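Colleague: Before I ask anything, here is the structure I am working with.
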Amino acid sequence: MSAKIVQNMLKSASFNRLYMSQIRSKATLPSLKFEYKDLEPIISRDIMEIHHQKHHNTYVVNYNNTLDKLQTAVAKDDTATIISLSPALKFNGGGHINHSIFWDTLTPHSTKPSDDLNKALIQNFGSCDEFKKQLAAASIAVQGSGWGWLGFNPQTKKLAVISCANQDPLFPTTGLIPLFGIDVWEHAYYLQYKNVRADYVNAIFEVVDWEAVSKRFSEASI
């Protein structure tokens, strides 16, 4: 009975195989492919260290604790507890998924979109610059905390710009495969940019790893 409830919870969230595997196993804090100081002056060392070691790690710890509680509840056939854990599972699991994508798509090196991604950006937005304007606008406009995303629609094969609240993961929330996201929680920028979110959002394009974004686009397009 309880196992079926868990399965239905996951199905209702539209998890693909990637998210299903993450939701069923313990999360670990991913290592970065660069040093904390390497994204300066766009993102300061202090922000990177606190964001990665404190904020992301908190999502990992809380997610794993929630997963332990869920497994215990399933073993006890405790339906009420299983259902009550859904928000924490979504919030902390989403926080881990979102941040893992975020780190992977940042770099201190100069990169460019692949020809295929560049072509898709032009087809869907008119130009790469217009795409950046739309993603920046969507990210800046988030009320409270959340993310601005470039996503790929596997049904229409088109790119889309969209925002999600809090730590809602893009794919389970919208059906779009995440290619690149901008974290607009205050912990991502306040220490350096204060309350001027727009300055942070517009600056972050300087450290986007377009090779990583292009790879995600290629994999999503298959």
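Cβ coordinates are placed from backbone N, Cα and C, and glycine is handled just like the others.
Bear in mind that TrEMBL entries carry predicted annotations, made automatically and left uncurated.
Take a look at what TrEMBL says about it:
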BINDING   H51, H99, D183, H187  Mn(2+) binding site
DOMAIN    28-106  domain 'Manganese/iron superoxide dismutase N-terminal'
DOMAIN    113-216  domain 'Manganese/iron superoxide dismutase C-terminal'
Colleague: For H51 (Mn(2+) binding site), just count the other CB atoms lying within 10 A of its CB, please.
Modeller: 22
Colleague: Taking the recorded Mn(2+) site as H51, H99, D183, H187, identify the other residues of that chain whose CB atom sits within 8 Å of the mean position of the site's CB atoms, giving them in sequence order.
Modeller: H52, H55, H56, F102, W185, A188
Colleague: Inside 10 Å of the Cβ of H187 (Mn(2+) binding site), count up the other Cβ atoms and send me the figure.
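Modeller: Its Cβ has 14 other Cβ atoms within 10 Å.
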Colleague: When a 10 Å sphere is centred on the Cβ of H99 (Mn(2+) binding site), how many other Cβ atoms does it contain?
Modeller: 25
Colleague: Quick one: DSSP breakdown of the domain 'Manganese/iron superoxide dismutase N-terminal' (28-106) into helix, strand and coil?
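Modeller: Counting residues by DSSP class gives 60 helix, 1 strand, 18 coil.
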Colleague: Would you mind splitting the domain 'Manganese/iron superoxide dismutase C-terminal' (113-216) into helix, strand and coil residue counts from DSSP?
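Modeller: Secondary-structure breakdown of the domain 'Manganese/iron superoxide dismutase C-terminal' (113-216): 54 helix, 24 strand, 26 coil.
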Colleague: Just to confirm my parser: what is the rounded mean pLDDT across the domain 'Manganese/iron superoxide dismutase N-terminal' (28-106)?
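Modeller: Mean per-residue confidence for the domain 'Manganese/iron superoxide dismutase N-terminal' (28-106): 95 out of 100.
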Colleague: Compile a sequence-ordered list of residues in the same chain as D183 (Mn(2+) binding site), six or more apart from it, whose Cβ lies below 8 A from its Cβ; state 'none' when nothing qualifies.
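Modeller: Same-chain residues close to D183 (Mn(2+) binding site) (Cβ under 8 Å, separated by 6 or more) are H51, N98, H99, F102, W147.
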